């Protein structure tokens with residue numbers, strides 16, 4: 001099974017290391033680990049490579065989070081991918097920092113990036129990898145997800161990226177349930 005991994009985030013250096021950009025962070029880790037470089041397309045950056053006979057495409061939308069769904073007509077056409085190849089990597093404030101959750105389907109909840117994707121695709125039946133960023137009720141949700149990780153939190157997030165960069169490239173139609181068990185039971 002070919003795999004289209006789309007990490008959500010906001011473009012621009014001012015969003016680097018913010019909670020909302022963990023999807024971008026994981027894509028950057030995968031690019032670095034596999035000695036790739038991102039190429040720019042109309043409204044996204046991408047890298048593609050093969051593992052054995054499987055094609056892996058890594059995507060960072062450049063549309064800002066709330067418009068992430070706008071890239072899919074272009075991406076599916078360019079890379080000959082379908083919704084069953086899709087894995088979206090996204091932050092989740094309902095999960096503690098360092099916890100991850102892999103799902104085959106799901107709703108958008110309060111996440112505008114997922115809502116945009118689901119509306120664009122006309123479906124919620126696509127894979128999601130949620131990366132827990134914690135929550136702090138002292139902040140408005142928007143302010144919290146746009147806040148940067150402190151140094152100790154950033155160490156934990158990098159440990160999550162290291163772990164996930166080993167796990168997610170092996171996801172296929174035969175291993176998805178096993179990967180769910182492995183990823184969902186991890187915590188950093």
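Every residue gets a Cβ built from N, Cα and C, even glycine.
What Swiss-Prot records for 10 is site 'Discriminates between blocked and unblocked aminoacyl-tRNA'. In this view, residue 10 (site 'Discriminates between blocked and unblocked aminoacyl-tRNA') is surrounded by 22 other Cβ atoms within 10 Å of its Cβ, with every protein chain counted.
Sequence annotations record features per position, and here Swiss-Prot assigns tRNA binding site to 15, 64, 66, 112 based on sequence analysis. A sphere of 10 angstroms centred on the C-beta of residue 112 (tRNA binding site) encloses 17 other C-beta atoms. Under the three-state DSSP scheme, residue 112 (tRNA binding site) falls in the helix class.
Secondary structure from DSSP puts residue 20 (active site, proton acceptor) in a helix. Per Swiss-Prot, the feature active site, proton acceptor maps to 20; the stated evidence is sequence analysis.
Long-range neighbours of residue 91 (site 'Stabilizes the basic form of H active site to accept a proton') (same chain, six or more residues apart, CB within less than 8 Å of its CB): 8, 19, 20, 21, 22, 23, 111, 130, 131, 133, 145. Feature annotation from Swiss-Prot assigns site 'Stabilizes the basic form of H active site to accept a proton' to 91.
Among 15, 64, 66, 112, the residues given in the record as binding tRNA, the maximal Cα to Cα distance rounds to 17 Å. Residue 64 (tRNA binding site): 17 other CB atoms within 10 A of its CB, across all protein chains. Take the recorded positions 15, 20, 66: by the count of other Cβ atoms within 10 Å of each Cβ, the lowest one is 66. DSSP classifies residue 91 (site 'Stabilizes the basic form of H active site to accept a proton') as strand under the three-state reduction. The two recorded residues, residue 66 (tRNA binding site) and residue 10 (site 'Discriminates between blocked and unblocked aminoacyl-tRNA'), have Cα atoms 9 Å apart. Of the recorded residues, residue 10 (site 'Discriminates between blocked and unblocked aminoacyl-tRNA') and residue 64 (tRNA binding site) place their C-alpha atoms 5 Å from one another.
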